[in-house]
Amino acid sequence: MDFDSISRESTFLSPLLNQNAMWQMNLGSDDTMGVDGSYPERHGEPDCAYYIRTGLCRFGSTCRFNHPHDRKLVIATARIKGEYPERIGQPECEFYLKTGTCKFGVTCKFHHPRNKAGIDGSVSVNVLSYPLRPNEDDCSYFLRIGQCKFGGTCKFNHPQTQSTNLMVSVRGSPVYSALQSLTGQPSYSWSRTSFVANPPRLQDPSGFASGSQGGLFSSGFHSGNSVPLGFYALPRENVFPERPGQPECQFYMKTGDCKFGTVCKFHHPRDRQTPPPDCVLSSVGLPLRPGEPLCVFYSRYGICKFGPSCKFDHPMRVFTYNNNTASPSPSSSLHQETAITTELRNLLVSSSVEAKPTSLPETTSAKDTIVDAQH
């Protein structure tokens with residue numbers, strides 16, 4: 001019985017083995033046809049992608065696609081013309097639909113319809129040439145810094161920027177916003193050096209030094225309930241998002257600034273009521289807190305971006321700046337006057353010393369004349 005079962009299995013497997021052997025023979029003959037260049041040329045049919053890519057075709061003479069004799073010439077021509085294969089029935093090339101190009105060229109196995117080249121990528125752009133995709137999520141990187149490294153290929157939305165204040169060096173600083181409103185120039189063109197080159201000179205609590213910037217400030221102190229005049233009382237544009245259904249941003253409500261900018265998830269009401277300061281304000285609108293530490297930024301540059309809400313002390317005193325364009329300090333003026341007085345005194349002494357030899361001969365000659373007259 002064992003021999004009968006073996007013979008039956010061999011009889012059953014023989015057609016499969018013969019078919020497999022015939023397929024291998026056909027494959028070998030196809031390779032030979034590929035070497036000889038005897039693949040069928042079917043003009044009017046799409047090119048065989050596998051043949052164009054490898055130079056071989058497993059279907060041989062039964063392949064229904066075209067097999068050009070010089071496939072390298074076909075590849076070069078397609079690159080020059082920018083043509084891509086149309087393979088009806090195959091999935092469409094997503095990269096081709098988005099950009100209108102395909103790095104695989106004629107060897108791509110997907111369909112490239114000519115009337116849909118770059119149709120998905122034809123979207124409107126904002127003022128910075130980034131794509132506007134209303135149905136997609138906002139690009140967090142673009143909202144945070146105002147740029148996007150992916151450019152036109154980014155799949156997220158890039159909303160229009162409502163203000164150029166996002167590009168300032170110190171975001172949310174009322175000083176830079178005030179400078180923009182006064183000069184009419186973009187605030188980001190003001191560097192720290194150019195602003196501090198000729199700062200206001202604070203002299204005495206009873207008044208403020210007159211100068212080119214004197215019109216921006218008022219003299220005297222301000223009570224806690226009064227609104228200070230100066231840089232910090234000037235209006236500025238609100239560039240933070242308003243989200244009515246969300247909680248209010250506590251940092252924004254307290255200081256008027258928000259480090260997260262347009263990506264903050266909290267509400268930033270435009271009509272924010274500034275709480276009255278809990279201390280006396282100086283003539284430039286900065287808080288005087290004698291028991292608190294000195295504001296480092298104010299001590300260096302004479303300004304403070306937090307304004308009346310700063311928790312440090314901003315005393316009124318004379319600032320000395322190491323800048324040629326800055327106003328000279330009283331100590332330097334006194335030193336210059338002392339030097340001038342010393343030079344004048346030395347000049348007078350030297351002139352008197354030089355005058356003595358000229359006067360002595362005259363006196364001597366007069367005495368000699370008197371003596372001669374007596375004799």
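Cβ atoms are placed via backbone N, Cα and C, with glycine included.
Database features (Swiss-Prot):
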REGION    352-375  region 'Disordered'
ZN_FING   42-70  zinc finger
ZN_FING   87-115  zinc finger
ZN_FING   133-161  zinc finger
ZN_FING   243-271  zinc finger
ZN_FING   289-317  zinc finger
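Secondary structure counts, DSSP: the zinc finger (243-271) has 9 helix, 2 strand, 18 coil. Per-residue confidence over the zinc finger (42-70) averages out at a pLDDT of 80.
Here the zinc finger (133-161) is broken down by DSSP into helix, strand and coil counts: 9 helix, 2 strand, 18 coil. Residues in the zinc finger (289-317) partition by DSSP class (helix H, G, I; strand E, B; coil) as 9 helix, 2 strand, 18 coil.
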